[in-house]
Amino acid sequence: MSKISGLGHRLYTGQMSIDFIGRRKTWYIVSAVILLVSVGALFTRGLNLGIEFRGGADFAIPSASCSIEQARVVAEEGSGAQSIVTETGNGTIRVQTEALTPAESSVLAGDLASACGVAKDEIKVQVVGPTWGAEISKKALQGLVVFLLLVTIFLSIYFEWRMAVAALVALAHDLVITIGIYALTGLEVTPATVIGILTILGFSLYDTVVVFDKVRENTRGITGQSMLTYSDAANLAVNQTLVRSINTSVVALLPVVSIIVIGAGLLGAGTLLDLAVALAVGMAAGAYSSIFIATPFLAQLKNAQPEIKSLAARVAARRSQAARQSVTGEPASSAAASGRQQPKRPPRSRRAKS
Amino acid sequence: MAPPATTKPLRALVALAVIMLGLIAWAFWPGTDSTVRLGLDLQGGTQVILLPKPVTEGATITDEQLQQTVTIIRQRVDGLGVAEAEVTTQGSGAGAAIVVSVPGASQDRLVDLVQKTALLDFRPVYTISNPAPEAEASPSASASAAPSGSSGASPAASPAASASPSASPAPSASASASPSVSSSAVVGTTEHPQSAENSAEFQSQVATLDCTNPESYSGGTPDDPALWLGTCDQTGAVKYTLEPAFIKGTNVTGASAVLPQGGVGWVVSLEFDGEGAQALGDASTKLSALPDCGQGASPCNAFAIVLDGVVTSAPRFNEPILGGQAQIEGNFTAQEANDLANILKYGALPVTLEAVDITSVSPTVGSEQLRAGLLAGLLGLVLVMIYLIVYYRALGIVAMVSLILAAVISYLVFVVMSKSIGLTLTLAGVAGAIVAIGITADSFIVYFERIRDEIREGRTLRQACASGWIRARRTLLAADFVSLLAAVVLYLLSVGSVRGFAFVLGLTTVIDVLVAFWFTHPIVVLLGRAGWMQRGSRWTGLDPDRLGAPSVAGTIARQGRRREPKEEPQS
């Protein structure tokens, strides 16, 4: 662990620096590919919506002594339509049918109970009308919009509008990837999944807020000097908070992973598992995006500002002058002293204007 | 301004201790229930989510109507005699949902009960007929479907058809013996016809109504009280042609199941308001003079209690009822009498309800889910603690104690809220608590990393603990505010399990801030003053050499930061 502490130190002082902002094209391409795959999967495969969204009846038969085939025969006779019968791991058989009336579902639960040798009361039954899903989706969407509005206002006041925009771009990135994973894997989307996705909102922004706070600290009064460009200072901030970002992400993921392990091992499918899978994907994406997407995007937005632009020009001029001096053998003392701001990478002048 | 927490860490610790003692006293006050109330998915039971819809198309539901509906359903569910039944609203206005939770009750009874929360009216029976559809309108009611006389005492009405034991086996027999042999050839309808007039068209619509089809008598379609109605009884044994309603459910002020002294069985006693009593008097005077229903008699002397468009009971008027009080007789069991009384008493809701989600969980599955949830939480907590201790050493132990403290406070708050505002912890809530472990630990990490940053810049431990806090505090508050915002918006705008999750997440975020401010930070400041921490042992987690904070590096770093105020930037 002390190695990581040392790493944290080198990242902090700039002895070691990963060029998150300069190589933003690489990250953008990586993200663009993932996003394309996600959106593509969403349109071609669609989401596997749970019965809460479609309407239907769901029976979970614990420690069932019947086979999947037997259960299917009973279910299709009882519901008069095709049924989906699966085994969820711990001996529980899950039967899903079209929407049934409460009376019909009660009869079918009884049939399944006698066919599978369990008491009727032991069967977990859920009957959902088709309007319910629309209601949940509407509410979730409302919540999303209201939250985004409020959080944009907050971030604009607390930071500035450019940071708010960058944070929201990262957030949208995380949401699309998470939904895309659901489309790709065909995992069922339930209300618990929706909870998980909505929770990502908070998480993704938490990470971004921590990084941006450092960016703001590093760039305070930056236009008053000519040693560092905004991109340099922002990149330093990402490097300085890198250990923090990794640690917070690992620590946030540990409980979620234990939910997945316990959920899959003990319970089979259910609220906990659905929630945790969405969270795990979203958190991982959130950790990635706050470092690789949010800050580079912010730097781009800032570089369009006139005063930041002229700062970049001043810094570029100063550096090319320093480079000429060092060629002639004179040590460029002032630039070298701030060695942490000059990580090993290709000459800056090439990139400074972009 | 130096924040008080920095200079007076003990004060913050004492404040927290006082809060905790208060919570403990509140939670475990002798003689009160000191457990966290569990949701139905954790203790087993049935939950029904209902969406209220206005009775007339296009109208909006007022909060008052919503509350009235909840009260009526609550009384009804309480009538089941189940402890801890719960009826709550979520949201308000047009998007509101009503959630009925009954622990342990079997699904069927609850759903029946809830589905019967519909429109109630009393209509004179015009005629009764064979349940099967017929080709033409001929009131060929069989005698057996007619009311069987009971020893109707005093101002009593004796039930026809459904409530009478002798009637129920009869209709099926009569159906087969009925002259309308062609009935099976006629395609029956399941829609209950309504009409302003007892027209020929209406009669033929009634004739084709197929009361043997379950869809015809399962109810759910409220009728217009001002129109004629063709419908079935709730078992599908008899078909009724009913005149416009003479009493609405809202005119019923009371109903109860009574076992009269010396009586044969249970009766349902009814009370009406002034308007209802007047209407009852008029109707009973008129109707009691008419012939008994059956044998093609129309109009006849029975009236139908119509719930959601289906006849629940059709008693006969024995004589005029003028006092505004009536009894319905007919060999009821206690349960039947109670159910009927409940329907009469609470029947008329200001809205119609659609049961959109019915979930029932057995107690075994519930306790399994709870166990799995707790296990996952424990595992997550242990993993996070191990990570923190390995990485942050002494500070990790502070974080561990802080986490345990946050967990204890959360538990106490759950108990207190279970008591005071009826909070129930659902599986989604448990998940929220588990996820909160990570968020809470994140706060400590942000703080500890800040302290490390300060040490890297060459500050002494003591300075670093204080100045690191000032910087971390802003970040923490901003980040936690975003989390809280998400939780509050989710809570206010969502229904069902999302709410439980959001509530717990919001609550734990607040607790996280509380613990960070009043425990973690004061303890770190106190530790920073301790000699062994200042000597910078490798076990402190803040060893300057390991953090790589030799004076040179620190100086360089500080150069880069000269732009900002060194101590305590305004916050």
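Note that Cβ sites are derived from N, Cα and C of the backbone, with glycine treated the same way.
In TrEMBL, annotation is done automatically, which means it is predicted and not curated.
Values in this document were obtained by computation on a predicted structure and should not be read as measured data.
Long-range Cβ contacts of the transmembrane segment (A:26-44) within its own chain (Cβ-Cβ under 8 Å, at least 6 residues beyond either end) map to 20, 173, 176-177, 179-181, 183-184, 289, 292-293, 296. Residues or ranges marked as transmembrane segment by TrEMBL: A:26-44 (among others).
Look at TrEMBL and you will find A:119-303 tagged as domain 'Protein export membrane protein SecD/SecF C-terminal'.
As annotated by TrEMBL, transmembrane segment applies to A:140-158 (among others).
Outside the transmembrane segment (A:165-185), and at least 6 residues removed from its termini, the chain residues within Cβ reach (under 8 Å) are 31, 34-35, 37-39, 41-42, 45-48, 148, 151-152, 155, 193, 197, 200-201, 204-205, 208-209, 212, 278, 281-282, 285-286, 289-290, 293-295, 297-298, 301. What TrEMBL lists as transmembrane segment is A:165-185 (among others).
Positions annotated as transmembrane segment by TrEMBL: A:191-212 (among others).
The annotation transmembrane segment is assigned in TrEMBL to A:250-269 (among others). Sequence-distant neighbours of the transmembrane segment (A:250-269) (same chain, 6+ residues past either end, Cβ-Cβ under 8 Å): 88-90, 92, 94, 188, 203, 275-277, 279-280, 283-284.
Feature annotation from TrEMBL assigns transmembrane segment to A:275-299 (among others). The list of residues near the transmembrane segment (A:275-299) in space but at least 6 beyond its ends in sequence, with Cβ under 8 angstroms from a Cβ of it, reads 20-21, 24, 27-28, 30-31, 162-163, 166-167, 169-171, 173-175, 177-178, 181-182, 187, 192-193, 195-197, 199-200, 203-204, 207-208, 210-212, 215, 230-231, 234-235, 237-238, 242, 245-246, 248-249, 252-253, 256-257, 259-260, 263.
Residues or ranges marked as region 'Disordered' by TrEMBL: A:322-354.
Taken from TrEMBL, the feature compositional bias 'Basic residues' covers A:342-354.
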